[in-house]
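S.K.: The structure that follows is given in the form of structure tokens.
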Amino acid sequence: MARRSTNSSRDATRAPEAPSYRTDPPAWTLPRGTIVLITIAGLVVAVGGIKAVSSFAAPTFLALMLTVAVQPVPRWLRTKGFPGWAAFLTTIVLVYGILIGLFATLVFSVARLASILPDYDDKFDDIITGFQDFLTSHGVSQDKVHDMISHVDTGKVVNVVTELLASTLSVASALVLVLALLLFMAADSVGFDDRMEHLRGMRPDIASAFGSFAQGTRSYLWVSTVFGLIVAVFDSIALALLSVPLPILWGLLSFITNYIPNIGFVIGLVPPALLALLDGGVTKMLIVIAVYSVINVIIQSVIQPKFVGDAVGLSTTLTFLSLIFWAWAIGPLGAILAVPLTLLAKALLIDIDPATRWADVLLSSSKPEPPPDDPPDDPADVTLESET
């Protein structure tokens with residue numbers, strides 16, 4: 001009786017338990033094969049929906065990635081004494097200026113390219129004639145050579161550039177949408193760190209997944225931007241020294257294609273190499289290819305990976321497949337955002353759930369990080385349990 005009364009008095013004097021905001025996800029009740037099939041079906045529907053609204057999804061994804069990339073800037077400005085509103089406006093104005101400046105430079109350069117291409121008609125015909133003589137001298141029949149050459153027309157090239165200029169101007173509407181979304185997303189990101197800390201107490205797995213996505217995306221975009229600028233400057237200077245027309249345009253193209261994994265270098269090389277062929281012949285084209293290869297291999301293949309490190313952590317095969325997939329799903333912008341979008345999909349589908357985190361071993365280029373530890377128990381509960 002005495003022991004029972006002692007226990008009763010101890011229970012009465014026990015401090016009330018602290019409320020816990022952590023909620024565990026419900027356990028799966030379906031067979032694993034059924035879950036896999038349902039997941040695949042859901043992904044197919046989601047991908048179809050994204051492709052159907054790609055004209056809206058692409059600017060939205062771009063605004064999201066820009067918001068993630070510049071999120072530390074207002075925080076850094078506040079540490080330098082800027083008020084919160086001044087740090088926010090400074091960041092927005094800076095990003096707006098960069099985007100508008102890049103767009104204006106691109107429009108001007110493409111328009112300039114469309115205006116100078118007709119001047120190379122005679123040189124283009126001379127190259128075609130020389131190529132025809134080369135094939136004929138090596139045993140190719142005249143009829144086959146004529147059939148091959150008949151499909152080549154400089155007018156078609158000019159038409160392609162003209163259509164490219166028209167499509168570039170039509171991007172202005174998408175740019176307005178990006179600027180508007182960027183403003184709203186940046187405003188919503190104020191206080192995001194506090195919300196993430198609150199989420200970490202409720203669902204540490206989800207908070208860790210989103211944190212890894214933000215950190216990987218930020219590292220990839222910042223490093224790609226810095227090294228893209230370096231590559232663009234060196235390429236522009238090299239092309240200017242070689243007297244290749246429109247070096248600024250090709251430098252800007254190198255900067256943009258630096259965000260495209262695996263094949264970005266080739267995409268940025270082909271146009272200036274072809275223009276060098278028209279302007280100075282095969283020798284000049286080979287020099288441009290050699291200079292581009294040296295600059296890009298040293299910077300992009302040797303130096304840049306050391307700064308990116310394991311922040312992205314995607315295998316080479318997955319990176320290439322993601323490039324093809326996102327370019328198909330949302331258009332050319334998908335090729336530029338392939339790595340960040342893959343990191344987002346990986347965070348939502350794999351990293352967010354400990355039960356699916358095993359797939360990270362197959363998708364990553366490095367050993368995945370261990371799952372986050374559970375938050376410690378409340379000290380009052382630990383003390384009471386030790387007393388009992």
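Each residue's number is its place along the chain shown, starting with 1.
Backbone N, Cα and C define each Cβ position, glycine as well.
Pulled from TrEMBL, these are the listed features:
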COMPBIAS  1-10  compositional bias 'Polar residues'
COMPBIAS  371-388  compositional bias 'Acidic residues'
REGION    1-25  region 'Disordered'
REGION    363-388  region 'Disordered'
TRANSMEM  30-50  transmembrane segment
TRANSMEM  56-73  transmembrane segment
TRANSMEM  85-111  transmembrane segment
TRANSMEM  164-186  transmembrane segment
TRANSMEM  220-253  transmembrane segment
TRANSMEM  259-278  transmembrane segment
TRANSMEM  285-303  transmembrane segment
TRANSMEM  323-349  transmembrane segment
S.K.: With Cβ distances under 8 Å as the criterion, find the stretch in 85-111, 220-253, 285-303, 323-349 that has the most pairs with the transmembrane segment (30-50).
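M.R.: Ranking 85-111, 220-253, 285-303, 323-349 by Cβ pairs under 8 Å to the transmembrane segment (30-50) puts 323-349 first.
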S.K.: Determine which residues of the chain contact the transmembrane segment (220-253) at the Cβ level, with the cut-off under 8 Å and only residues 6 or more beyond its ends counted.
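M.R.: Answer is 65, 68-69, 102, 105-106, 109-110, 112-113, 116, 259, 267-268, 271-272, 275-276, 279-280, 284, 287-288, 291-292, 295-296, 299-300, 303-304, 307-308, 311-312, 339-340, 343.
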S.K.: Using a Cβ cut-off of under 8 Å, list the residues of the same chain at least 6 residues beyond the transmembrane segment (323-349) that approach it.
M.R.: 47, 50-51, 54, 57-59, 61-62, 65, 68, 209-210, 212-213, 216-217, 220-221, 256, 259-263, 312, 314, 356, 360, 363
